[in-house]
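K.L.:
Pasting the relevant annotations from TrEMBL:
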type	residues	note
DOMAIN	1-248	domain 'Plant heme peroxidase family profile'
BINDING	10	Ca(2+) 1 binding site
DISULFID	44-244	disulfide bond
BINDING	86	substrate binding site
BINDING	116	heme b binding site
BINDING	117, 168, 171, 176	Ca(2+) 2 binding site
DISULFID	123-155	disulfide bond
């Protein structure tokens with residue numbers, strides 16, 4: 001949330017550039033409203049967690065309780081982001097390894113990946129799958145041919161880097177299990193999406209979530225609760241910011 005005039009804050013990192021500015025604005029407005037009623041009580045981290053849950057609910061997803069009482073940190077550096085988020089070309093082993101560092105299981109990881117049922121991504125994160133996949137095959141054979149045509153139309157070669165498309169081509173504004181149905185249909189946008197179905201170790205979970213939306217949503221809630229406890233900052237050595245864009 002920190003805004004740096006030098007462009008070197010956490011949200012300025014390349015991996016975070018696809019985050020919508022409207023989302024930051026919403027959190028900032030919510031913080032101002034809280035400060036007007038209860039100054040220095042609710043931190044920006046808690047507001048961000050609540051806002052995330054509420055967006056999921058508004059999109060038709062499940063509601064769940066948010067554990068509160070966090071504090072805001074004193075460090076926000078773009079240089080610290082690299083290696084902290086899963087890459088769009090990760091294989092299953094790499095995904096499991098990264099999530100395991102935060103005590104999240106493979107099932108947790110797959111459930112959280114289901115959040116790709118909403119949102120968008122820039123073409124540069126997946127265009128290699130249908131333009132330069134390998135020397136012998138420019139198109140990833142794990143992609144549905146019809147979907148490839150749609151992707152090429154939306155993301156022609158040398159496209160403007162600011163162009164982005166929906167991660168879920170079917171119900172992009174609804175939080176449902178269509179993401180998993182898309183994987184089964186070879187319509188996963190990222191390599192790290194499709195590998196969840198092509199790898200036999202994770203395929204049964206993808207198939208189960210694709211058939212039973214309630215099972216997916218229950219797993220998602222459980223995973224979100226665990227994710228909400230990762231890296232939590234508390235105590236007097238942290239702060240409750242007055243302004244989410246600046247340290248006190």
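Glycine is treated like the rest: Cβ placed from N, Cα and C.
Show me how these features fit into the structure around them.
P.N.:
Here residue 10 (Ca(2+) 1 binding site) comes close to 2, 16, 76, 77, 78, 80, 81: these same-chain residues lie at least six apart in sequence, with C-beta atoms under 8 angstroms from its C-beta.
For residue 244 (disulfide bond), the same-chain residues lying six or more positions away in sequence with a CB closer than 8 A to its CB are 1, 2, 27, 28, 31, 44, 47, 72. The DSSP secondary structure for residue 244 (disulfide bond) is coil.
In the shown protein chains, 17 other C-beta atoms lie within 10 A of the C-beta of residue 86 (substrate binding site). For the recorded site, residue 86 (substrate binding site), the DSSP three-state label reads coil.
Cβ neighbour count for residue 116 (heme b binding site): 21 (other Cβ atoms within 10 Å of its Cβ, all protein chains included).
In this view, residue 176 (Ca(2+) 2 binding site) is surrounded by 19 other Cβ atoms within 10 Å of its Cβ, with every protein chain counted.
All protein chains included, residue 155 (disulfide bond) registers 21 other Cβ atoms within 10 Å of its own Cβ. Under the DSSP three-state reduction, residue 155 (disulfide bond) is assigned to coil, being neither helix nor strand.
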K.L.:
Can you tell me the mean pLDDT for the domain 'Plant heme peroxidase family profile' (1-248)?
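P.N.:
Overall, the domain 'Plant heme peroxidase family profile' (1-248) comes to a mean pLDDT of 93.
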K.L.:
Within 8 Å of the Cβ centroid of the Ca(2+) 2 site residues 117, 168, 171, 176, which other residues of the same chain have their Cβ?
P.N.:
118, 170, 172, 173, 174, 175, 177, 178, 179, 182
K.L.:
Reported as an integer number of Å, what is the Cα distance between residue 123 (disulfide bond) and residue 168 (Ca(2+) 2 binding site)?
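P.N.:
It is 14 Å, counting Cα to Cα.
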K.L.:
Out of 44, 123, give me whichever of these disulfide-bonded residues has the highest number of other Cβ atoms within 10 Å.
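P.N.:
Per the Cβ count within 10 Å, the most buried is 44.
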